[in-house]
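**Student:** Provided herewith is a single structure, encoded as structure tokens, for subsequent inquiry.
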Amino acid sequence: MSSVAVLTQESFAEHRSGLTQQQVKVTALNSEEENDPPTYKEAFPPLPEKAPCLEAAQEPSGPWSKIRPIKASVITQVFHVPLEERKYKDMNQFGEGEQAKICLDIMQKTGAHLELSLAKDQGLSIMVSGKLEAVMKARKEIVARLQTQASATVAIPKEHHRFVIGKNGEKLQDLELKTATKIQIPRPDDPSNQIKITGTKEGIEKARHEILLISAEQDKRAVERLDVEKVYHPFIAGPYNKLVSELMQDTGTRINIPPPSVNKTEIVFTGEKEQLAQAVARVKKIYEEKKKKTTTIAVEVKKSQHKYVIGRKGNSLQEILEKTGVSVEIPPTDSSSETVILRGEPEKLGQALTEVYAKANSFTVSSVSAPSWLHRFIIGLFGQNLAKITQQMPKIHIEFTEGEDKITSEGPTEDVNVAQEQIEVMVKDLINRTDYAEINVDHKFHRHLIGKNGANINRIKDLYKVSVRIPPDNEKSNLIRIEGDPQGVQQAKKELLELASRMENERTKDLIIEQKFHRTIIGQKGERIREIREKFPEVIINFPDPAHKSDIVQLRGPKNEVEKCTKYMQKMVADLVENSFSISVPIFKQFHKNIIGKGGANIKKIREESNTKIDLPGREQATQRQLLSQGREQTVKLLRHRILAIQKELANITEVEVSIPSKLHNSLIGAKGRFIRSIMEECGGVHIHFPTEGSGSATVTIRAQPRTWRKPRSSCCTWAEEKQTKSYTVDLRAKPEYHKFLIGKGGGNIRKVRDNTGARIIFPTSEDKDQELITIMGTEEAVKEAQKELEALIKNLDNVVEDSMVVDPKHHRHFVIRRGQVLREIADEYGGVMVRLPTVSGTQSDKVTLKGAKDCVEAAKKRIQEIIEDLEAQVTIECTIPQKFHRSIMGPKGSRIQQITRDYGVQIKFPDREENPAPVAEPALQENGEEGGEGKDGKDADPSSPRKCDIIIISGRREKCEAAKEALQALVPVTIEVEVPFDLHRYIIGQKGSGIRKMMDEFEVNIQVPAPELQSSDIITITGLAANLDRAKAGLLERVKELQAEQEDRALRSFKLTVTVDPKYHPKIIGRKGAVITQIRTEHEVNIQFPDKDDESQAQDQITITGYEKNAEAARDAIMKIVGELEQMVSEDVTLDHRVHARIIGARGKAIRKIMDEFKVDIRFPQSGAPDPNCVTVTGLPENVEEAIDHILNLEEEYLADVVDNEAMQVYMKPSSHEESKVPSKGFVVRDAPCGTVNNEKAPDMSSSEDFPSFGAQVAPKTLPWGPKR
């Protein structure tokens, strides 16, 4: 069985030979109409044999039969491969083997859908569905891979091969697709003319036919070259090319005459052979006729007048040729010859000669003497002065030669005389009222004379109304020229020389200052460096970038000022170095607050008197602290003695000096001071001071109370003696929680071991990595004895015992408050001992159980007993502070209260917050400034008594409670008011409050800004500790100054200027993608606004410039300069065949942009739908426009040749029925339709296999004709 579905008539005709026995269904018809109408069966083939019978459903033809079907985007074609041409014949089952793989590969490559079926004769039918392009590609693949291939050759002339290939090989590819063949064309360097075709027989025949058709078409056309002497070309072309144009129009032949600038004699003819022969004959006739009749005469014309004879674009020569029929031959421009040859008929040469002399003498050249420096004044701003002359006399050309003292005028004689008189008057006037001066200034100073953005030179120009020309840097010239009013020139010259003299006296000096001092010299917010710059205003001081880690500070300015500034800064640095000497002063913990004083009064006084910086220590739990003092060495040392004297006076301190060799000092101090620290801790309240390293001094100073200095002195001396004789070290390990117990309270336990053995025992500090390592140092005997004692202590700590003691139940709460903090401290201090309080509810047990190492338990019991004694002696006092300050006093997460509690060993309890305080109209003020409160009832409350919510309870020993009360009262915040203009409030607050938050965090205060509704209020409230208020106020006022400066700058920047510019120039000022206007905006830092085209209320010629006044004026001048250049431009329309527009423009406009950039012109092509599609407008300077037009006309001539060839090829490729399509359509006609004939055929025999053929194998009854859908 075979079934086909063909959508195009070409496909039907192509495969008809292989499907003669098959019934064909045509689903789309070709648009061509033939003379003989098709039969009904040809037009409407029945469905395949196995399909349900549709004949009964056929309707008679009616009006609908005349409507032609619309072509579908998806088409279906069927290809039949006969058994003898199949590549793969051995198939056991349908769809298996190599054939199935090839079909899958074709579907993947092309995107088309393939279905295979086998006919009874084992021929292969392939149905291909998809888009037309995909179907054609699949067809080519099927023929190449599933059908055996044949090959044939066809011979055509070698010159016709390129027409078979087509542009970029497109025609060859299309031919291969249509014929499903492979066509091989020999290479250009191969002399063979044989073209090889590979494919099916039908495809080869069709391809061969198409190739021969192309060759035959080219045989009809011919190209001929005729050699004609160059001098006779003008006669053949005729005036303005009229003669050759008429000839081309009459004969339909294309004639190419080389232009006069090209030294070629060949004239090329292209066209149909007969018409071409006519054109060649007519040209030969003209040539022979002119050769016989013409003669020549030679005349001498000045070389400078040749261009007048030629005229613009050769118009004068064409004019003479048209009037007289005489050709005028002008020697080339690079030739020195002045001979002009006239060629023509003798009787017309006289008239032509008259015309030549008339053209030559119609123009004259004249020159006016004028100093070259006056040229630009004669031209005027944007050529305004010169334009007055050229507008009156447009044919005149005025030329200024740089460096020459003359002005050349060229044009009609009368116009030149008038222009010469006007220029002479202008020159005389300018010489009387202008002057110039030249000065020599080293070019390295030129940019300083110009100033930033031309500030200096523009000021001089505006002030003295002069023009100053400073040569560019690349010229390396020292000459500066000043031109303008005589008095202004002299004043400008004087000022420029003064500036240059000052700069020559200027010098640059590098100052070496350590980077660590840079920030100090600059000062907070640049205050100190501002003072230096105010003191030396002519000196520029440049500090290096902090990231560069450079010590070089650069000073630039007048020599004397730089020297003074250098000495001043060197002195400042010397003071900083001198004041950077620092020393640590050890003080005993108990005297710390006495030396600092209440509220830091004492230490502040010491700072002011000594002019030094003193850093206070942290509040760590050490027995002694270090004050860090920084300033002059001598002052710091005196200050150290002064602080130590205060301490000595307070505690009656004794100073003892011990002589220890300096070489042993480092060993005695130990790594990071560990060893000497252990001695000081052991002796308690002792300071040991070593001399500075490298001093060579052997004196070690010990400061201690009168009765305690002997022991540290003895320890130091003993250790030094042992070190000199013998030293022995042993490491011991113990759990960190045992260390405190091993040391004992106040170092009692470890002191006992040291006294017994004489060994030094060093425990790890919190900074050491190994927290279990204990080091024992001394003689071997002492170290071993100390090791035994410590090991025994550690062993005892490992032996856990349980003990109990009696504690009054009223004190139990003290041990468990704050999540059992007291119990945790006892456990940490005494080797992790566990203390358990009674938990039985309803009983008042006083028994407390302790569990741990025996020694630890005993020590813990002693500590608990001490705590109980303190609780028995505890008192409670009240501190009245208004509740509104409680949160501030507590600090973040209660940190301030926790610190006071630790420092003074007291407990502090704040009252509950009062949820609904009774309203008080006028709260009474107490003498201490606290607000009065009311009682619970609000009636009987004493106005003078404090409110309950204001009372803070402090518990502890009386003296400690009083000290804690003073510390609390010192934390009460103070409020001050600062006056700030209301309009600055929103800037101080910042975006989403960021500005005010930053200030509050920086100065640790609360800043309250009045609400926006209170517009009359300028008061900002600052609340915080007294010490922070001054800094906060200064910071706020500094911010106000910055904001006011910004406001002034905004006002200056809002200056507006309006420029009147014709709207037609706006696109040029804006530039491509806004490039020109963006450059002006960026260069002058201004905003430029163009009028809105859609807004009729706006003046369309007004451009608004906003910015600083000077910048706005400079931007205006830049815009007017562009406008001046645009006004000098001209626009010319040139007729350019619209068919070559696309090629001249190029891909994405690249080609036309290149032409515009080369000739500096603007070229505009007509838009689609324009009245004249060939009109192209060229805009630019006159000489550039002429050159650009000549260039694009040459391109047109070159590209039109290709256009003509392409059009001729397209005409050939069109179907032959083009002319027949003009005949009115007869409608759709078929012959032998069933509705028009009597059906005498008998019904088919259902049992006949001839009428109803079937597949060889049994198949399912519902199988579709083309197999299952995939």
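Every residue, even glycine, has its Cβ placed from backbone N, Cα and C.
Note that the structure is predicted; figures quoted are calculated from it, not measured.
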**Student:** Looking at the candidate ranges 677-730, 1217-1270, report the one that Swiss-Prot labels region 'Disordered'.
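**Tutor:** Among 677-730, 1217-1270, the range Swiss-Prot annotates as region 'Disordered' is 1217-1270.
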**Student:** When Swiss-Prot marks a stretch as region 'Disordered', which of 1-23, 806-828, 829-851 is it?
**Tutor:** 1-23
**Student:** Given 28-47, 388-407, 888-907, 1168-1187, which one carries Swiss-Prot's region 'Disordered' label?
**Tutor:** 28-47
**Student:** According to DSSP, how is the domain 'KH 10' (798-840) divided among helix, strand and coil residues?
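**Tutor:** For the domain 'KH 10' (798-840), the helix, strand and coil counts are 22 helix, 10 strand, 11 coil.
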**Student:** Report, as numbers and ranges, every residue of the chain located at least six residues beyond the domain 'KH 1' (150-188) whose Cβ falls under 8 Å of a Cβ in that stretch; write 'none' if there are none.
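**Tutor:** Sequence-distant neighbours of the domain 'KH 1' (150-188): 10, 136-137, 139-140, 142-144, 194-201, 203-204, 206-208, 210-212, 214-215, 217-219, 1206, 1209.
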**Student:** When you scan the chain for residues with a C-beta under 8 Å from the domain 'KH 6' (504-545), skipping those not six or more beyond its ends, what do you find?
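**Tutor:** Long-range Cβ neighbours of the domain 'KH 6' (504-545): 442, 445, 551-559, 561-562, 564-566, 568-570, 572-573, 576-577, 1038.
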**Student:** Do we see three or more Cβ pairs under 8 Å linking the domain 'KH 9' (724-766) and the domain 'KH 5' (431-473), pairs being at least 6 apart in sequence?
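**Tutor:** No, these stretches are not in contact.
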**Student:** Can you see whether the domain 'KH 11' (872-913) and the domain 'KH 10' (798-840) are touching - at least 3 CB pairs under 8 angstroms, only pairs 6 or more apart in sequence?
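**Tutor:** No; fewer than 3 Cβ pairs under 8 Å.
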**Student:** Three or more CB pairs closer than 8 Å, sequence separation of 6 or more: does that hold for the domain 'KH 3' (291-333) against the domain 'KH 2' (219-260)?
**Tutor:** yes
**Student:** Other than its close neighbours in sequence, what residues sit by the domain 'KH 5' (431-473), given a CB gap under 8 Å and a spacing of at least six beyond its ends?
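**Tutor:** Same-chain contacts beyond the flanks: 371, 373-374, 376-377, 479-486, 488-493, 495-497, 499-500, 503-504, 1110, 1114.
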**Student:** What residues elsewhere in the chain lie close to the domain 'KH 2' (219-260), defined as a C-beta under 8 angstroms and at least 6 residues from its ends?
**Tutor:** 157, 160, 266-273, 275-276, 278-280, 282-284, 286-287, 290-291, 294, 314, 317-319, 321-322, 327, 329, 343, 1194, 1201, 1204, 1208
**Student:** Can you work out which residues elsewhere in the same chain, 6+ from the ends of the domain 'KH 10' (798-840), have a Cβ less than 8 Å from its Cβ atoms?
**Tutor:** 737-738, 740-741, 745, 846-861, 863-865, 867-868, 871
